[in-house]
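Asks: Structure below; questions to follow.
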């Protein structure tokens, strides 16, 4: 552990970041209890899963900060968990519309706009696809494949890493890391596409349920956990982030990522509590009342 060799400012920083992680977890536990008590059972677990993304990433980053040798495992744990959250977020949007049956009834003559990011944002000539049970199945399969295949690739990466054949973010064509990263990149794009399509379709309907704010938080976690991490790791591998003994460039990059993620996920956890918290004694707009009625009919 590097913490034994820290000076006073370093120990103070570690203590503050650990406290932020602890507060984030306490806020999440309080929110989970509230959700369990106030939200119908049909969407209770999905909303708790989505809310857990930020505190879980903060916790894995804090463990990696204190125990540098565990960084490979903590990064992979966070990545696998967020792969599941992507699927859960799509399911949450369907549940917030009253479930699949009510969603199909609302949009029985509607069409999905598939010319959206991250796959086809430039292909404006693509035809719209009818909203049917089959298209919903393919969209759910698109996010589920990521939650299924990403743990398999992560397990393969850890096996190769323990054998000395895997170096994260090594861009050499002869290295396994490049090919595994390419496969994961393709799977990620295929998983994010259905979420973007569904959001474009339901964002007006679910405005009263703050779906735009929820989608923004989900996008922030995605960008910070994936894009920010990849950029800093590549800069460290290219020695653009200089080494400062006793830390190498890659070790400094890992510490920067972990400390940034703890602060960012702490803020996102606090914002999520505000966005996902609803007061059930307040009057709601008519469209929300209709959706809640649909939910109650489906909830045993």
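Every residue, even glycine, has its Cβ placed from backbone N, Cα and C.
Keep in mind that this is a model prediction, so the values were computed, not measured.
The transmembrane segment feature in TrEMBL is assigned to 12-34, 46-67, 73-94, 137-161, 176-195, 215-236, 256-276.
What's the neighbourhood like for each of these?
Replies: With a threshold of 8 Å between CB atoms, the same-chain residues lying at least 6 positions outside the transmembrane segment (12-34) that come near it are 3, 6, 48, 51-52, 54-55, 58-59, 61-62, 65-66, 259, 262-263, 265-266, 269-270, 272-273, 276-277.
Residues 1, 3, 14, 17-18, 20-21, 24-25, 27-28, 31-32, 35-36, 39, 74-75, 77-78, 81-82, 84-85, 88-89, 91-92, 95, 214, 217-218, 221, 225, 254-255, 257-259, 261-262, 265-266, 268-269, 272, 276 of the same chain lie 6+ residues outside the transmembrane segment (46-67) yet bring a C-beta within less than 8 angstroms of a C-beta in it.
Sequence-distant contacts of the transmembrane segment (215-236) (same chain, at least 6 residues past either end, Cβ-Cβ under 8 Å): 50, 53-54, 57, 75, 78-79, 82, 85-86, 89, 168-169, 171, 188, 192, 195, 199, 203, 249-250, 252-254, 256-257, 260-261, 264-265, 268, 271-272, 275.
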Asks: Quick one: do the transmembrane segment (176-195) and the transmembrane segment (137-161) reach 3+ CB pairs under 8 Å, ignoring pairs fewer than 6 apart in sequence?
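Replies: These two segments touch.
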